[in-house]
Amino acid sequence: MKISIIGCGYVGTVTGVCFASFGHDIVFYDIDEKKLDLLARGESPIYEPSLEDLIQKNRQRLVTTSDLTAAVRDTDITFICVGTPSRDDGSIDLTYILSAGATIGKALRETPDFHPVIVKSTVFPGSTEGPIRSALEEASGKQAFVDFGLGSNPEFLREGNAVHDFCVPDRIVLGAGDARTMRALGDLYASFACPKIETSIRTAEMIKYTSNAFLATKISFANEIGNLAKKLGIDAEEVFAGVGLDNRIGPAFFRTGIGFGGSCFPKDVRALIAGAGDHHETLQILHAALRVNEDQPLKLVQLLQAHIPDLKGRRIGILGLAFKPDTDDIRESRAIPVIRALLDAGAVVVAYDPLAMESFSKIFPEIEYAPSAQAVLTADAVLITTEWEEFERLNYSGTTVIDGRRIAAASKTADIYEGVCW
Ligand code: UDX
């Protein structure tokens, strides 16, 4: 099939390149010409392991254009993959998606065939059939589900594993409001062996939010139990190894520590809470999941203060700035509240991360950035905030380590070793 991808950020690039690896022809469009230039040169506009290899291998199937009308007109199906940032109240800002919808709508005017438009961006249930549909209909002068198709196909990609998650998914969720769009989506994913859920557009949108909200809640639940386990002298890891063997529960996402970050979990949970509020529903469990997640990083600083009560002028090392290992992404990184609390207490912070120091220095120019993880170990104490593999191999002898990510090796070498949650 010929597929146009609107938006070459994380989701769009991975989706387009992976579809190409399944033999489809891709036309990428973005308002940011720099991203298109990179793709045209065979380079990835985002950091994701193995993606650039896949771009190189499929170059003949990847085309870029700054002409959106041509992209839509010359393809069989269009995926909207633009960003949906948060507003101050946690709700989703649809500005980019509506503007993409209006431009795609204009292109649909000149597209004689029935053309399905599929929303991959994460949007609150009802958004596709509501404002996005209106933007497309207004600009095209055509009717959704009759003259052009409309659907939702949410993604469940983890950063660092996105290519694998796309190519070998647990399930594929297909939402459509008309049979022709559902057929086109079915054809597109025909070679995938996993379960496929064919459903309404708003159910597909809800599955995405519910999945992320549940996983975020699972982490916060694990962290609360972990906090109690620590006080009781019980190893939370052992507890969850036992709990996770129950098939109804499962072992994943029980890693205790300083909580969840990233571009999806915090944003999606807030969006679900805000959207529920519009319908006079209070999602109490999700409110609590967020509260636990806000408190967890501060526990790391409290543990530190049990050893160094007055942090004024003390040199405190931070290992890990990315929100998780194998990414340079610092969005909602748990290192941010930890460093804020340290600076508020008057500490001098020296940090190291293998990939994320450049972006971090833009929001925290006042802290020191070390040339290596080893260099951080000369600080008065070291806090581990991201579980990069290289931090597991460090020799922490002579150091006070407060571990927010449970790096086992540290416990064997540090002079004082403490972790949150166990
Ligand atoms: C997540 C979802 O997994 C993915 O399906 C969705 O599409 C986007 O959001 P991602 O943000 O890339 O993916 O990261 P993920 O690996 O899920 O981790 C999110 C955060 O939770 C990280 O900060 C991680 O450190 C934390 N986490 C994860 C835990 O604290 N404990 C766990 O057991 C698992």
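Note that Cβ sites are derived from N, Cα and C of the backbone, with glycine treated the same way.
The shown structure was predicted, so the numbers you read here are calculated from the model rather than taken from an experiment.
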Of the candidates Lys230, Lys231, Lys267, the one that TrEMBL places in the NAD(+) site of Asp30, Lys35, Thr84, Thr122, Glu159, Arg331: Lys267
Matching residue for the substrate site, where TrEMBL names Phe156, Leu157, Arg158, Glu159, Lys208, Phe253, Phe254, Arg255, Thr256, Gly257, Gly261 - out of Lys106, Lys142, Lys312, Lys324: Lys324
Residues near Lys35 (NAD(+) binding site) in space but at least six apart in sequence (CB under 8 A): Cys8, Gly9, Thr13, Phe28, Pro45
Site with most surrounding Cβ atoms, counting all protein chains shown within 10 Å, from the binding-site residues Phe156, Phe254: Phe254
Neighbourhood of ligand 1 - recorded positions from Asp30, Phe156, Arg158, Gly261, Cys264 with Cβ under 6 Å: Phe156, Arg158, Gly261, Cys264
By Cα-Cα distance, the member of binding-site residues Phe156, Arg158, Lys208, Thr256, Gly261 nearest Thr122 (NAD(+) binding site): Lys208
Residue among binding-site residues Arg158, Lys267 with least C-beta crowding, 10 angstrom cut-off: Arg158
DSSP-assigned states of the domain 'UDP-glucose/GDP-mannose dehydrogenase C-terminal' (317-410) in counts, ordered helix, strand, coil: 28 helix, 18 strand, 48 coil
DSSP state at Lys208 (substrate binding site), helix/strand/coil: helix
